[in-house]
Every structure is written in structure tokens, then in C-alpha cells.
Amino acid sequence: MILDADYITEDGKPVIRVFKKEKGEFKIDYDRDFEPYIYALLKDDSAIEDIKKITAERHGTTVRVTRAERVKKKFLGRPVEVWKLYFTHPQDVPAIRDKIREHPAVVDIYEYDIPFAKRYLIDRGLIPMEGDEELRMLAFDIETLYHEGEEFGEGPILMISYADEEGARVITWKNIDLPYVESVSTEKEMIKRFLKVIQEKDPDVLITYNGDNFDFAYLKKRSEMLGVKFILGRDGSEPKIQRMGDRFAVEVKGRIHFDLYPVIRRTINLPTYTLETVYEPVFGQPKEKVYAEEIARAWESGEGLERVARYSMEDAKATYELGKEFFPMEAQLSRLVGQSLWDVSRSSTGNLVEWFLLRKAYERNDVAPNKPDERELARRTESYAGGYVKEPEKGLWENIVYLDYKSLYPSIIITHNVSPDTLNREGCREYDVAPQVGHRFCKDFPGFIPSLLGDLLEERQKVKKKMKATVDPIERKLLDYRQRAIKILANSYYGYYAYANARWYCRECAESVTAWGRQYIETTMREIEEKFGFKVLYADTDGFFATIPGADAETVKNKAKEFLNYINPRLPGLLELEYEGFYRRGFFVTKKKYAVIDEEDKITTRGLEIVRRDWSEIAKETQARVLEAILKHGDVEEAVRIVKEVTEKLSRHEVPPEKLVIYEQITRDLRSYRATGPHVAVAKRLAARGIKIRPGTVISYIVLKGPGRVGDRAIPFDEFDPAKHRYDAEYYIENQVLPAVERILRAFGYRKEDLRYQKTKQAGLGAWLKPKT
């Protein structure tokens, strides 16, 4: 199993290293025969001798083309002959490429920016993560001491915790009497002990949570300050910290550094991405949070260190569990794309598609287009019409079906052969013409991207069939990871066409796909309304909610299935409309904002959720009760009564203060905040009292009644004393409870002022409620 690849330099020449796991043992394969190269398209092939004479300087060494060969390739589906120019060292390419490009005989140069080790994996047909080797995994986490205003890495590391299949342990330099704690004498000894643990356990995978941007950099800085060689690589090297966009990325040679943070941000939509806020939705169990100021207080006083050690241990354990959960999926993406898991786990979906296309282009003898320069990038910012959205029918509706197109955009790309190499191509016998925009796509041959996409969808269907057939739960889970990885890639192609930095960028392709999408959804809606008696309540891009007013549930379900039998044979190619669900009740507020309830009383909402931590418990609880009243009981008036009851209790100060706590995270150094929100104001007052506040600290506060700005009246919740303090009921009514329910009840004709307990006026309710069956 290939873990990763890189290159080193020996005697001025590159040596490829392939890090592998074979039969349970780690090994490194070396290849000294692979040469860096680029392609050049010439106006006149006789100019090749002049091209070979071009020189440049790199670190005092003269750089030139070492040899050249003429090769037959394809470019965007058309035959082309190009020159393959070889060089001594990969770093020669950036030193000389502009000089070659500027030669009058050169039309352009290609594939000059593909990293050497990645080029090697593609050209040699090597696929990382293939095989059934069992990889050893170890997760680690650190706790640090931070004082406001300190430079990064100035405060000591207090604890290093780690977890693997044998359990979780904590290394620290204070005596803590717990069975999983190992105490050493100093911070320096703690770091050295951790390095020894890595050496002894020799993991193939190091799992962190934001290790790219915190743990590794902090450990490396403290190691330098303390005179410790921070060697973690299997080749005896220190971790390599490199910039990747606006973030950092850390490589450990011979080991996969699997940072969960970018993976989870790409995979799950959450309001915040702390370890605690991620762990609960993934595993369904809360994880305790110990705040930075509590850690500092415990460390400096010596009281409560057991709790901090337990928290540190549980951090490592949670990171390990999350790593085990997410690693198999990234391994499948790595296999699918053909690049290392280290790269894949830090890539956007657009980059995943691009690496997949680069490999397939090589396999099909295609020269890849270049990435855009700054001028071209600016030109690619022009927008175009997106998917169709029908404004929702207001009111409370019953017996609703949801129908949507199966993989709408991928199906359109394949069915209509939408690809840069088929776009407006002259001399074809047959074209598909996109509605509204008029772009033509040749149907005489399969386009590069539609053919690859078709292969992916076909493979996914085969994998899903295997899933159904197997009785082995482990095999089924692995197959499920595989089909999900394929789905991620397949669903990214439309977005890739519109991705400004893409090699195979095609605005005409993207706007043609959405134009066909609009046509199909609008035609389908018209057919179901005119021929089957449905009323479409809301539609968005690839699906719609519909009902038959006055009909019972069985009638609506049966008629929907009749419609599918009618419409699907009339759709071209891979286009297929599916029955996605039935809901006994629902309402639709505005675009992308609705709530429905199924026959098992499961409520699904979109655009109405208040899951951010800066909503108090009373706001979340009130919204949940309002949704239940409307959807479960079909009673909008009950929902209004609930809101009035809550606002009345708030006004009378009958709501427990615990339900009014607001949590907000400090995301940067306090000195860099210009706007002082309540959480920042509270944090600054805490810091002034000596409590350590750092980025990531979550501030819990409650707003008191009184004059002045909200920030001046917000206090830490643990300082709230019911005997001395009164919370600001008006603040919680106007800024928490009413905003949480107003957009829901507005759909039924209620205004904000109608929802407070002292007002009883109802605005036009009868016009909004639909008859129940």
C-alpha cells in the first residue's frame, strides 16, 4: 500500500521516494530514472534546436532542456503534435519555463506546474491507499498555557495526550494521580517522552484536530526554544510546515498526517467546528469542554488538575474516534483520485476533480489545459443563470410528496454530452442545443468529461449492487465508503465547470447544464399540474414539493407514482425523476426556507434552524415547540399562544437564567477586534482580571437589565446572582425569541408585534390556512 511519495536530490538529480506499507512493514522504494518534463506546442518544429539552446540560471547552475522528443497527443479532443521537453531537476522547470514560453516559435507550454512526485504517481499508474494493509493510527492533542498578548508558542505546553487502539494516555510535568497519566519532571522531558512514544509505537497515521495550524507548529516552536530535535519522520526528519492557501499544512515523512479539521469542514455543515461541537453530532454524545481560563487556573493553583487531565485524555480519545470514522472515506477518495491521502484530505472538491481529470487525461493521451493566469481569472468572474426556484405557496399544507431528479446535473452532462471538447465543435453530424443559451454540443463522439462521468456512475451502480449482495458487514461498509466517494466526485463536475481556477473551465458548459435543468424541472411541474391535478408548492433546482388539494394521503401517493410511470419514459438519456418522500404536513416560507413532517413525526427543516451557539436555550426551545405545534398538531394558533406565553414569562422574569445563556467563541486575538460585541466585551473584562483568553475560548454570558450598550450589560454567566441581578427581558424577547419564530409565523400572516403576550391582534390568518382533509 502506497502511503505517499516525494523526491530528494542526490548529486543534482531527483530521486523519487515512495513510502509504502507491505506485509505489515514500512518501506521506502527509490526511483532514480524518472525525469521531469513539460510539453511545448511549436509553430515551426524546426525551431526545436533553438528551444534546446535556451538557458537560465538556478542557484548558480545553468539550466537547459536536456533532450526533446516529438509526441502525438490530443488537446480538447483534437489531434496535436507537441514536443516533450526533459530537464535534469524539477526545479529547473520554474526557472526556465517563461523563457521557453516567450520564444516566438512557441504557441504555448503545458503541464509545467504539476508537482514532480504527483507527476510520478500519474505516469507510473500508481494508486495510493490500494490494498488491505492494516494501518497503525495514533491521535494526539496538546494543552497549553496562554496569557493575553503573548506571542504564539510563548506559553508552555502543559500536557500531551495520545490515543490509539490500546487506549488513551496523558504526559504532563505535574504530579497527577490518575492511572492514565504519566508525569515527568519538565516540559522538555514531556516533549522528549512524546517523541519516544511515536518512535516506539511507530504509527502509519498521525491524527490531529487542527494540527496543521496549531499543535504541530506549537510543538515545533517549543522544541526549538527548549533545544529538542523534533524528529517525527520515518526518514529522521522534522515535520515540514508549508503554506496551503490561507492555511498551513504539516507533512511528516513516512507517516500520513491526517488533520480532521479540513475534512470535517468539507463534509459536515455546522455552525462552529470545535472538537466538542463536531463530536456530538457525529457520535450522538456530548463532550465536556474545559475552557482555557479553567486550565490556566487549575495549572497555576494546583486545584482541579485531575479534571484537566481527564479532559486532555478525552480530547485525544475523541480525535482518535473521529479519525477512525472519517479516515476510510478519505482513503477511498485517495484511491479514486489517485493522489495521496495527505493531499486529498486537504483538497476542495474542485481540486479532487482536477487531479482525477489529470490522471485520466494522461491515460487517454490528452494534454491537460493550463490553469488561468491573472487576466484570464478576472475574465472568468462573469455570472450566469442558476437553477430554477419556484416561489413557495404560503400556508399550511397536508399530504405532500417530494419528487426530484436523480443526479440531475451529472445526468444532463452525460445525456447531452456537455464538455469543453464537444462545445460548438464544427463539422459534427448531430448536436444537442442547450435551451435559452443556444450552445451546441457535438454528439458524434463521447466528450472527455461526460465519458468519465458515465464511467463513475456506472461503477457506483456496480458497487451498490455488491453492497446489497454481500452479507459481510465490514465489506458492506467499505463498499459504502466507495460509493459515497464516487458520489462526491460525480456531483462535483458541474461546479468544476464553473470553478474559475479549473484547467477544464467551461462557462458555456455550466450555463448550459443549468439551462437544461431549468427546462426539465419546469416541464415536469407543468405536466404534473396540468395532467395529474397536482399543485406544486415549492421547487428548487432539481426537485419539488406537490400535493392534490383536498385529496387523502393514499390518493396523493398513488397519483405521484402514476406520474413517475408517465414522465420517466418520456425523458431522454439518463434523466430520471424519483419519489423521494411523503410528508403529512408542511409549510414553505421563502426560497430555501421550509419545514415538513413525515408519517413517523420526523420534522425536517431547511433555512429555519437556529443551531448557532449564540442562540440561547429559550430561543431554541421556543422554536422547536412552535414547529411541533404547527407540524404535529396542525395548529398555528397554538404556536402563537406558545410564543406569547414565553414572552410573558420572560417579562415576568419567570424563565430560569440557565436558559438565557449565550455562548460565543473568541476567534482571534482580543486586540484585533474593532467591533466590540457582548462576548468580546465580556472577554476583555475577564482578561483584565487575569483570566487567560485566547482564540478558541468560548464566552458564556447573560445580558442584564440597565442603561447603556448591550456589551456593557453583559456579564459572565457564572457571575450571575439572582439575588442581585435581573436579566434584560426585553433584550431576550426582541433579539432571541421573536427572531427565532418570526420568519416561521410570518408565513401565516403574523407580524412580529402580533406575537408578544400583551398584543392579541391576528392579521389575516384565514387567508393563509388551507383546508384540512
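Every residue, even glycine, has its Cβ placed from backbone N, Cα and C.
Values in this document were obtained by computation on a predicted structure and should not be read as measured data.
According to Swiss-Prot:
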| type | residues | note |
| --- | --- | --- |
| REGION | 1-131 | region 'N-terminal domain' |
| REGION | 133-385 | region 'Exonuclease domain' |
| BINDING | Asp141, Glu143, Asp315 | Mg(2+) 2 binding site |
| BINDING | Asp141, Asp315 | Mg(2+) 1 binding site |
| REGION | 390-773 | region 'Polymerase domain' |
| DISULFID | Cys428-Cys442 | disulfide bond |
| DISULFID | Cys506-Cys509 | disulfide bond |
Cα-to-Cα gap, Asp315 (Mg(2+) 2 binding site) vs Cys428 (disulfide bond), nearest whole Å: 61
Proximal residue to Cys509 (disulfide bond) among recorded positions Asp141, Cys428, Cys442 (C-alpha distance): Cys442
Alpha-carbon distance [Cys506 (disulfide bond); Cys428 (disulfide bond)] in Å: 20
Surrounding CB atoms that lie within 10 Å of the CB of Cys506 (disulfide bond), all protein chains: 22
CB-centroid shell, 8 A cutoff, Mg(2+) 2 site Asp141, Glu143, Asp315, site residues removed: Ile142, Met159, Ile160, Ser161, Tyr311, Ser312, Ala316
Cβ atoms near Asp315 (Mg(2+) 2 binding site) (within 10 Å, other residues, all chains): 28
Distance, Cys442 (disulfide bond) to Cys506 (disulfide bond) (CA atoms, angstrom): 15
Sparsest Cβ surroundings (other CB atoms within 10 Å) among the disulfide-bonded residues Cys428, Cys442, Cys509: Cys428
Inter-residue Cα distance where the pair is Cys442 (disulfide bond) and Glu143 (Mg(2+) 2 binding site), in Å: 60
Mean of the pLDDT scores, which run from 0 to 100, over the region 'Polymerase domain' (390-773): 91
Fewest other Cβ within 10 angstroms of its own Cβ, chosen from the binding-site residues Asp141, Glu143: Glu143
Pairwise Cα distance for Cys442 (disulfide bond)/Asp141 (Mg(2+) 2 binding site) [Å, integer]: 55
